[in-house]
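Worksheet: one structure, shown below.
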Ligand code: NAD
Ligand code: MG
């Protein structure tokens, strides 16, 4: 094995960030924490800095940085403090490995910074590929960055493939990808009651413990829709080659079907430390802290087709994937606004897809030739979604 690798964890205080630090702490002979970043939970960030002693901590604003630096110094810590997008982009580019685990569109520029520096990039922030897939993948090709998927489904698909997909699935003899999803907390709830579900009910995922935004996305199945777009870019395939399969137990994390009829699946307990450890050590394997899968206790693996009436977001995402252009950036931005409004108690759960559909219908789909075009589409969709929510 090579020497110790430095690791930046973008979004260190989040669900993926904490799981990443748990895995890193198990392998001090392999990894050294270079930088930790957080947006708001500075007490949690302080505890992480105390435990991991990174070279840098990155916070949101200059004023936060001053207060945080004083607190570190008062406690005898020599970690330097940076702030804002410039700080995030700097630490993302400087470490050997970048875990991209900021949630939402805010993750795009820091993740791209690591890509452009040609780093090993562990991608949890699916929104950056959904927003700017072509530009992102072009940047990967240009810099030679090693892009490894953390999303459990995409990590599973990657594990079921013989190598990276450079020229499409046909070259590898793959006929289709089976993207599995649990169906979330409302898979069986009477549809008529969905309009009154609370944010806490939507965030109570049956199998996974995650941040609140992705938890709501799982409840609407927009998460599976965003993952469909993500898979198209990562595995260079059209949406027609990807089938979504509802698998309530979340033991199979996705599958790949080959032209000879073979179907390969990756299984494991639903714990993100498995894909995180896989990508951190790839192509080697390291312990993750995840327990052994007990198939006897599990006893059953069930499968069903997704219910598009119950989950209109899935259809919207597939349509955006097929439309191309800025369609998925528009959908993603409107979704971030609608989900935040739902979590804030301003929007009914069932109004989320209604807002998205209206924004997508009303906004022009452009050719995303530059980041500026993507960012303008994102900003416009946010504004349209906000106006529609205010008008309710
Ligand atoms: P989370 O809400 O738990 O954590 C988000 C992190 O991002 C926090 O550290 C927060 O401080 C930081 N952050 C939020 N807004 C920011 C901003 N504007 N600028 C800078 N930093 C900001 O989210 P999570 O569940 O850990 O998810 C992170 C990403 O990983 C998401 O893109 C999600 O879709 C993806 N993902 C998560 C899981 C999971 O199991 N949690 C699984 C697959 C993919
Ligand atoms: Mg996933």
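For all residues, glycine too, the Cβ spot is worked out from N, Cα and C.
As given in TrEMBL:
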type: BINDING; residues: 13, 14, 15, 16, 125, 127, 211; note: NADPH binding site
type: BINDING; residues: 126, 152, 153, 182, 205, 218, 223, 224, 227; note: 1-deoxy-D-xylulose 5-phosphate binding site
type: BINDING; residues: 151, 153, 227; note: Mn(2+) binding site
type: DOMAIN; residues: 7-133; note: domain '1-deoxy-D-xylulose 5-phosphate reductoisomerase N-terminal'
type: DOMAIN; residues: 147-235; note: domain '1-deoxy-D-xylulose 5-phosphate reductoisomerase C-terminal'
type: DOMAIN; residues: 267-383; note: domain 'DXP reductoisomerase C-terminal'
Distance-selected binding-site residues near ligand 1 (C-beta under 6 Å), from 125, 153, 205, 223, 227: 125
Those binding-site residues of 13, 14, 15, 16, 127, 211 having Cα within 10 angstroms of residue 227 (1-deoxy-D-xylulose 5-phosphate binding site): 127
Nearest-integer angstrom distance between the alpha carbons (Cα) of residue 125 (NADPH binding site) and residue 205 (1-deoxy-D-xylulose 5-phosphate binding site): 19
Of 13, 14, 126, 127, 205, i.e. the binding-site residues, those within 10 Å of residue 151 (Mn(2+) binding site) when Cα atoms are compared: 126
Additional residues around Mn(2+), ordered along the sequence, whose Cβ is within 8 Å of the centroid of 151, 153, 227: 126, 149, 152, 154, 155, 179, 223, 224, 230, 231, 254
Secondary structure tally of the domain '1-deoxy-D-xylulose 5-phosphate reductoisomerase C-terminal' (147-235) (DSSP, helix then strand then coil): 45 helix, 11 strand, 33 coil
Candidates near ligand 2 among the binding-site residues 16, 126, 151, judged by a Cβ under 6 angstroms: 151
Where residue 126 (1-deoxy-D-xylulose 5-phosphate binding site) sits in the secondary structure, as DSSP reduces it to three classes: helix
Euclidean distance between Cα atoms of residue 153 (1-deoxy-D-xylulose 5-phosphate binding site) and residue 15 (NADPH binding site), Å: 17
Local confidence of the domain 'DXP reductoisomerase C-terminal' (267-383) - pLDDT mean: 98
DSSP three-state assignment for residue 14 (NADPH binding site): coil
Cβ-Cβ distance under 8 Å to residue 126 (1-deoxy-D-xylulose 5-phosphate binding site), same chain, at least six residues away: 151, 226, 227, 230
Local Cβ density at residue 127 (NADPH binding site) - other Cβ atoms counted within 10 Å: 29
